[in-house]
Amino acid sequence: MRRGGWRKRTENDGWEKWGGYMAAKVQKLEEQFRTDAANQKDGTASAIFSGVAIYVNGYTDPSAEELRNLMMLHGGQYHVYYSRSKTTHIIATNLPNAKIKELKGEKVIRPEWIVESIKAGRLLSSAPYQLYTKPSAAQKSLNFNPVCKPEDPGPGPSNRAKQLNNRVNHIIKKIETESEVKANGLSSWNEDGVNDDFSFEDLEHTFPGRKQNGVMHPRDTAVIFNGHTHSSNGALKTQDCLVPVGNSVASRLSLDSTQEEKRAEKSNADFRDCTVQHLQHSTRSADALRSPHRTNSLSPSLHSNTKINGAHHSTVQGPSSTKSTSVLTLSKVAPSVPSKPSDCNFISDFYSRSRLHHISTWKCELTEFVNTLQRQSSGIFPGREKLKKVKTGRSSLVVTDTGTMSVLSSPRHQSCVMHVDMDCFFVSVGIRNRPDLKGKPVAVTSNRGTGTAPLRPGANPQLEWQYYQNRALRGKAADIPDSSVWENQDSTQTNGIDSVLSKAEIASCSYEARQVGIKNGMFFGYAKQLCPNLQAVPYDFHACREVAQAMYETLASYTHSIEAVSCDEALIDVTDILAETKLSPEEFAAALRIEIKDKTKCAASVGIGSNILLARMATKKAKPDGQYHLQPDEVDDFIRGQLVTNLPGVGRSMESKLASLGIKTCGDLQCLTMAKLQKEFGPKTGQMLYRFCRGLDDRPVRTEKERKSVSAEINYGIRFTQPKEAEAFLLSLSEEIQRRLEAAGMKGKRLTLKIMVRKPGAPIETAKFGGHGICDNIARTVTLDQATDSAKIIGKATLNMFHTMKLNISDMRGVGIQVNQLVPANSNLSTCSSRPSAQSSLFSGRPHSVRDLFQLQKAKKPTEEEHKEVFLAAVDLEVSSTSRACGLLSPLSAHLAASVSPDTNSGECSRKWNGLHSPVSGQSRLNLSIEVPSPSQIDQSVLEALPLDLREQIEQVCAAQQGEPRGKKKEPVNGCSSGVLPHPVGTVLLQIPEPQEPCNSDSKISVIALPAFSQVDPDVFAALPAELQKELKAAYDQRQRQGEDTTHQQPTSTSVPKNPLLQLKPPAMKDKRNKRKNLIGSPRKSPLKNKLLSSPAKTLPGAYGSPQKLMDGFLQHEGMASERPLEEVSASTPGAQDLSSLLPGQSSCFRPAAPNLAGAVEFSDVKTLLKEWITTISDPMEEDILQVVRYCTDLIEEKDLEKLDLVIKYMKRLMQQSVESVWNMAFDFILDNVQVVLQQTYGSTLKVT
């Protein structure tokens, strides 16, 4: 192989100029090594390795970092990059044949030479420790097959799997037939068999290299790892996996030919299976997160072949590189960032390296671990038994923080919560086997260099930095600064090469680093400027998982009342433990911390308090590596001095708002009354702040948490050039969503597609390599017909939303899919069998959030007619089912009506305007006056599924309906002054007395609202049972008589009942009513007068002009009554309001006040009201949304579509800005139903953009 061949093949990769950048870098690394050596030397230092310069190639034990430290302490030199002229010894455990040939007689020494020389106190001869000796001409060697030259084209994709299999088989057969392998005079298949020939070069010919960070790496490019692949806390040695049992050369020589052939076949299969398992495990490994310029190896058998002649060099960035648990993947040694998002393993690679993904996954696993413990608990806790034994032999004296002795008071059996939190979790795990780094500033990050990175063309870090500073001050209204006035002020000149500070984020930093101003989340480049001695260590996900599991297993040995907060912290209720063991909280906390430290070698701090809030605050005082018990008598003084930012739920936005009120501490916050806080922050948040600032917290330690959503989002490395790439990526992300839904055992119904798009004016190239930069966030949401976990369905819906966005593909910087409205995978809410339970739960009397309303709304496929019924069922809080029976009542409405109790009380009555009910209070949501429909409308299967007591009540009401005296006038009583409120003109009331007092006029009355008969389809009416036809006819006759009795009554007015959550400003009371023009001889202007979602002018054009065409006799009553007052005004209902139309010949009529939202009429007032509602409440109530829907439909009735359009668009902007996804759901609900009304009224819909 020509020496210059590699240089020719990699002339464009930017690494060939050794005389410039690399020479300066090597010199800088050597100077840094000498500086560190001077600082590290102490009494144990020596000069054993004076004049020795080592270079570590691949995996070694001790690791490369440990060898570096040993050379530093004992006078040697450590070279990150091999130099033929300067390096004296190459340290390696194993090398493939290609590298052995390239060394050409260089000294390759085992790492034991260094260790044993230090033990002996002198420099030992390296001859006995040579890894390979130069073979003589008489020495036999393996007959290696020639491998493909790097210049040769790689195999086609269709033949890769076959060629890999043939290659493995060929290698094994060659190994099996060889008689001996000389390595240092010893026969060793492990050292010179498979590892020499089955090299990574062969795999690369089968799976050609991909672009890494935009640069195509040649197949024989050396990627030198210097031992950074071995984790001292238990990295796997897959060499053992790759060696079949009984494959020793000596053992094979003793076998006869038959046995040898059998063993060859078995070894072939074993080796192939083991190799495949290793490669699959490597691909799935979560420990492969590394910097963009680093790729690591785990197995010495899979090193890439390396030229050690100065042409090849490592991509390790600096001498501070340390051990890692990176696992080799099949695709170019697990490149830190796959070349393109369109690659099939891009998503899996990204999540295998994502710290946040691992943290969230671990939390779910630990939560499930705790739940499993509780389900399988036998009540036996080994930890408690140990504590009891320890308690008998211990004194009640403990040493306090001040060093004095104090007698612990006897434990009191009061509520006690402990917050266990590991100190600097990622750092503690990373250095637990690194005593040389303890006590030094350490940070866990993906960058292990000097804190700088090359400046890429087109990037403008200073502009991005200024933009984010402006955004912190001005919020989302911040503009992008003019790029022409900004220069790269954070760039530096390093060896003549422009560079910028590294944007790698610090995941965790030690307390020593925090003392100089370094914080978690800070960019490593800036942190390196604050602390030049900052040591960077890599992520060790495997070890972190082990430590987290060990901590939770320790806690579980004492109690199962555990709330998994994160992988490194947990809340436990220790009240029972203290009562059983008779220990004080301080004693138990000390024992717990000692046990955790013994098992994990990591320190944990414990905060103790009477509730979760105080325990968390106590932990902050206990850190680092301590414990603190916040006594009840100390709470008041302690809490007053705490900053409000220490309270849960107080973020930057709320902090700035509190600061504007002059509040910085909890003591300041205590000066405000609850009314003031609720006015400023809303009812829930105001009450929360009022309690938390006083140390009050009634939250229990929750072991189970309901999962609200499943999502997969990627905002790193997203760069598309064609729409097909983006579409393929969305389909791949949909498959990831399917895997996560299946793992969670859930299905989702609502999909949200989130796209990050480069903000206009932002730099095309981001300051952080592969980052998203300055972006706008765009989201689209769709609700599926049924809950699903199918990637095919999710992908199709996602692509439809994506196509509607019409984005510039090259500007996409992030993609995410979120699934809401989760249901268990073994249930199906869309089937009829599950509908009764879901609906009856809505009317169980307990408060419900808007999510329940949406779940009810989407319980059936929303065809046009069914959509009407669902909407009415959601809006009509009285669920007047019979009013929709004449309009072909849907099964859903019947189920709703049949699943509730008919009982009515004075606090559960509501007013209805134009078919819409206004809620009375937040406490009576959906628990209002629910009437039972006629017997013919009740589904018997639903009735039989109801509880016995409820079913008996409904049967009694039905019996009373059949025996009800017709034509007798009923009056509401029992103080239900608002129970029988005026209904819109054209509505018929069926009044049904309670079965207990069927003949008593003072009994309770259930009122069922029927539409005007002009709304009834004659064919539908004719198809009804004769009994129901008689019942309806009697009701309309009764309506006619009531109209005659109330013709001369004067209407009285009351204000519409207001929702307390929407009553943010007092509504104006209007007693004067506007006059309408004479409507003689003309149909009504709006169908909302009769029924909300039906237009008589469109559906029944002849209903008003000639009712005789429908049904003789019965329609005459309707024709006479349709233009007369309808409502019955009782003396016991002084607040009732008469909404009646004029008889023919009258010149005017009364109507409700102008459309208002909780009293707000002007658009400016409505905007203020909506903004306060949306920004102060995180979970809107059903009645709030329904009241907004009612306001919008009132605007439609008044034909004020201009204001309606402004209101809808303003709500859309506000709700999309909210971080709560439920607000988007609320807006979609409002918009869907407004569009239905518009479509029925005007034959068109609003165009909302």
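Including glycine, each Cβ sits where the backbone N, Cα and C put it.
Summarising the annotation, Swiss-Prot assigns domain 'BRCT' to 44-131. Taking the domain 'BRCT' (44-131) as a whole, pLDDT averages 83 in the prediction.
Taken from Swiss-Prot, the feature region 'Disordered' covers 253-323 (among others).
Marked as compositional bias 'Polar residues' by Swiss-Prot: 294-319 (among others).
Annotation for S510 (dCTP binding site): same-chain Cβ neighbours under 8 Å, separated by at least 6 residues, are C424, V427, I431, K440, P441, V442, A443. For R355, 421-425, 508-514, N520, D568, the entry in Swiss-Prot reads dCTP binding site, with the evidence type similarity to another entry.
Feature annotation from Swiss-Prot assigns domain 'UmuC' to 417-651; the stated evidence is sequence analysis.
The Mg(2+) 1 binding site annotation in Swiss-Prot covers D421, D568, E569. Cβ neighbours within 10 Å of D421 (Mg(2+) 1 binding site), excluding its own Cβ and spanning all shown chains: 20. Secondary structure at D421 (Mg(2+) 1 binding site), as computed by DSSP, is strand.
Annotated Mg(2+) 2 binding site per Swiss-Prot: D421, in sequence order.
Residues or ranges marked as region 'Disordered' in Swiss-Prot: 1035-1109 (among others).
Positions annotated as compositional bias 'Polar residues' by Swiss-Prot: 1048-1057 (among others).
Per Swiss-Prot, motif 'Nuclear localization signal' is recorded for 1072-1078, and the stated evidence type is sequence analysis.
The feature region 'Protein interaction domain' is assigned by Swiss-Prot to 1150-1249.
Cα of E569 (Mg(2+) 1 binding site) to Cα of R355 (dCTP binding site): a distance of 16 Å. Following the DSSP three-state reduction, the secondary structure of S510 (dCTP binding site) is coil. Within 8 Å of the Cβ centroid of the Mg(2+) 1 site, not counting the listed residues D421, D568, E569, the chain contributes H419, V420, M422, F425, V565, S566, C567, A570, A604.
Remark: of the binding-site residues R355, R514, the most isolated position is R514 (fewest other Cβ atoms within 10 Å of its Cβ).
The Cβ of S508 (dCTP binding site) lies under 8 Å from the Cβ of C424, F425, F426, V427, A443, V444, N520, each of which sits 6+ residues away along the same chain. Proximity of E512 (dCTP binding site) to non-local residues of its own chain (separation of 6 or more, Cβ distance below 8 Å) is seen for G439, K440, P441, V442, given in sequence order. For the binding-site residues R355, R514, D568, a Cα to Cα distance of within 10 angstroms from D421 (Mg(2+) 1 binding site) holds for D568. Within the same chain, residues at least six positions away from D568 (dCTP binding site) with a Cβ under 8 Å of its Cβ are D421, M422, F425, A548, M551.
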